[in-house]
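Undergrad: What follows is a single structure, and I will ask about it in a moment.
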């Protein structure tokens, strides 16, 4: 694998983990503590921010998948962490984010959305994704040959 591609492959999981940590575990709840931010405003902001984060995450996932084209042999002991992250991202992109977005739309329309565990499922998957990204990055770093 070319050195520049390998550097990118090592950097992306850490950058991605930083994005997830900053948005999901800091911005998501912190915005509600700002003066003047109502639940409606916070939900509207969250919907936009998480849609944008999802696009960034999909880009990172594609870039990491692209690096496989340059590998002679895939180290499944390392790449399993990427596959966990990818599976979570697919579940979030296809099911959880659209569901949570529809719940926000219902709430913004002045109605109560139906009871759901979608939010807690999303948070749990975010935690697993963050840990998997960090493990993936450190595993890549540990196997990097100078």
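Every residue gets a Cβ built from N, Cα and C, even glycine.
Unlike curated records, TrEMBL annotations are generated automatically.
In case it helps, TrEMBL gives these features for our protein:
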TRANSMEM  12-30  transmembrane segment
TRANSMEM  50-69  transmembrane segment
TRANSMEM  81-100  transmembrane segment
TRANSMEM  120-142  transmembrane segment
Undergrad: State the residues, same chain only, that lie 6 or more residues beyond the ends of the transmembrane segment (81-100) and have a CB under 8 A from a CB inside it; answer 'none' if no residue qualifies.
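TA: That would be 13, 16, 47, 50-51, 54, 57-58, 61, 64-65, 116, 118-119, 121-122, 125, 128-129, 132-133, 135-136, 139.
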Undergrad: Using a Cβ cut-off of under 8 Å, list the residues of the same chain at least 6 residues beyond the transmembrane segment (120-142) that approach it.
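TA: The answer is 9-10, 13-14, 16-17, 20-21, 24-25, 77-78, 81-82, 84-85, 88-89, 91-92, 96-97, 100.
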